[in-house]
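> The structure under discussion is supplied below as structure tokens; questions concerning it will follow.
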Amino acid sequence: MSVNVNRSVSDQFYRYKMPRLIAKVEGKGNGIKTVIVNMVDVAKALNRPPTYPTKYFGCELGAQTQFDVKNDRYIVNGSHEANKLQDMLDGFIKKFVLCPECENPETDLHVNPKKQTIGNSCKACGYRGMLDTHHKLCTFILKNPPENSDIGTGKKEKEKKNRKGKDKENGSVSTSETPPPPPPNEISPPHAVEEEEDDDWGEDTTEEAQRRRMDEISDHAKGLTLSDDLERTVEERVNILFDFVKKKKEEGIIDSSDKEIVAEAERLDVKAMGPLVLTEVLFDEKIREQIKKYRRHFLRFCHNNKKAQRYLLHGLECVVAMHQAQLISKIPHILKEMYDADLLEEEVIISWSEKASKKYVSKELAKEIRVKAEPFIKWLKEAEEESSGGEEEDEDENIEVVYSKTASVPKVETVKSDNKDDDIDIDAI
């Protein structure tokens with residue numbers, strides 16, 4: 001699950017996202033440590049080396065840190081909860097990632113070890129400034145500058161501007177002329193010629209460049225759409241699924257779209273609520289016929305999924321509410337059709353019948369629907385009792401009596417009676 005990079009922004013459509021931190025505690029006793037499993041992904045979203053936030057945790061917690069770059073293992077000694085580290089990460093983002101002006105995380109760090117300064121530039125608003133180097137992490141950053149923040153970054157830009165300025169003043173530079181040597185205090189980039197030949201989309205207006213830009217933008221937009229859909233609320237995702245199913249029906253291809261519909265529901269992470277959408281789109285007053293027609297569609301959602309079956313029952317209530325006059329008396333038959341089609345299990349139906357909910361229809365209608373369903377519910381319970389009773393009888397029939405030769409025989413003692421008349425003479429019998 002992803003969260004906003006700037007968690008003070010509650011907008012769900014905020015474009016800057018990062019994965020939620022995952023922490024795993026390993027070891028025991030003095031060797032206990034917390035491995036931040038997805039630190040590489042988090043750091044990538046922040047445009048910072050993964051060692052920076054890990055070291056920041058160590059500075060804030062007063063704990064030692066370990067970096068295994070080859071195996072992507074970033075460790076903080078001690079046992080620490082993921083939520084605690086996530087809150088602590090907000091402090092790192094505020095100090096070392098967000099722009100002080102626009103509060104967007106589109107910043108780059110520019111480290112100058114000689115001057116012991118860390119510059120900060122924002123690509124969103126153009127802000128340029130210096131970071132406060134009093135934090136302990138700054139010492140680590142000065143010793144380990146980010147790869148994209150070499151000292152010559154600003155100088156490269158200056159050299160590029162100088163070259164462009166000279167081109168404007170002197171026209172195009174001829175190949176026979178030797179370019180002027182760089183100033184003694186600056187180091188010319190080793191691939192300056194290659195940099196000049198890089199594509200600059202801001203200046204290239206050819207049809208090929210425009211087409212290439214549009215292709216990349218469209219591909220990127222598709223990826224954003226897929227990820228953005230999962231960031232929406234459940235209600236919004238259900239509405240997307242509803243529009244998808246409705247479109248299939250309007251196009252006349254709903255009968256063969258059962259696999260596509262369940263795949264879309266899984267993509268939107270609302271598979272259990274699929275039957276609720278299907279009932280609204282596919283069912284009307286002819287529901288008994290439609291259950292048979294669209295059985296395969298519902299079975300893909302309801303098979304061995306009790307939650308989906310409950311949503312199917314709630315969907316049925318909604319259909320009855322829309323066609324109450326035609327369907328209210330047919331409730332037992334409709335439930336029997338769904339039961340026979342293996343869309344509903346006994347346990348789910350009985351549980352649903354025991355409590356009326358006003359979440360989808362009025363409380364009065366929910367109660368009335370359950371009253372009308374009583375004959376079928378009663379039949380279900382009786383059938384269940386009969387089946388359980390039959391099983392007990394079968395068990396009794398299958399019991400095998402085993403006689404033991406070593407079993408002890410109880411000893412019978414004769415009791416003498418005081419009444420002599422009651423004595424029986426065995427010889428006289």
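Positions of Cβ are set from backbone N, Cα and C atoms, glycine also.
Here the structure is a predicted model, which means the values were calculated and not measured.
If you look up Swiss-Prot, you'll see Gly27, Lys28, Gly29, Asn30, Gly31, Ile32, Lys33, Thr34 marked as GTP binding site. Taken from Swiss-Prot, the feature compositional bias 'Basic and acidic residues' covers 153-170. Among the features that Swiss-Prot reports, compositional bias 'Pro residues' is placed at 178-187. Under the heading compositional bias 'Acidic residues', Swiss-Prot lists 194-207. The SUMO2 cross-link annotation in Swiss-Prot covers Lys411, Lys416. Among the features that Swiss-Prot reports, domain 'W2' is placed at 231-390, with the record citing sequence analysis. Look at Swiss-Prot and you will find Ser10, Ser227, Ser387, Ser388, Ser408, Ser417 tagged as phosphoserine. Marked as phosphothreonine by Swiss-Prot on the basis of similarity to another entry: Thr225. Here Swiss-Prot flags 143-216 as region 'Disordered'. Residues or ranges marked as site 'Arginine finger' in Swiss-Prot: Arg15.
Set these features in their place in the structure for me.
Its own atom aside, the Cβ of Lys28 (GTP binding site) has 8 Cβ atoms within 10 angstroms in the protein chains shown.
Its Cβ taken as reference, Ser10 (phosphoserine) is surrounded by 8 other Cβ atoms within 10 Å in the chains shown. Mapped onto three states, the DSSP output places Ser10 (phosphoserine) in coil.
Secondary structure at Arg15 (site 'Arginine finger'), taken from DSSP and collapsed to helix, strand or coil, is coil.
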> Check the domain 'W2' (231-390) for me and report the mean pLDDT.
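Per the prediction, mean pLDDT sits at 92 for the domain 'W2' (231-390).
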> Counting distance between Cα atoms, which of the binding-site residues Lys28, Gly31, Lys33, Thr34 is nearest Arg15 (site 'Arginine finger')?
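For Arg15 (site 'Arginine finger'), the spatially nearest of the binding-site residues is Thr34.
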> If I take the Cα of Ser10 (phosphoserine) as reference, which of the binding-site residues Gly27, Gly29, Asn30, Lys33, Thr34 has the closest Cα?
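Closest by Cα: Thr34.
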> Between Asn30, Thr34, which of the binding-site residues has the fewest other CB atoms within 10 angstroms in the structure shown?
Asn30
> Setting Gly27, Lys28, Gly29, Asn30, Gly31, Ile32, Lys33, Thr34 aside, what same-chain residues sit with their Cβ within 8 Å of the center of the Cβ atoms that define the GTP site, listed in sequence order?
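Result: Glu26, Asn77, Gly78, Ser79.
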> Within 10 Å of each Cβ, count the other Cβ atoms, then let me know which of the binding-site residues Gly27, Gly31 comes out lowest.
Gly31
> Out of Arg15, Lys33, which of the recorded positions has the smallest number of neighbouring Cβ atoms within 10 Å?
Arg15
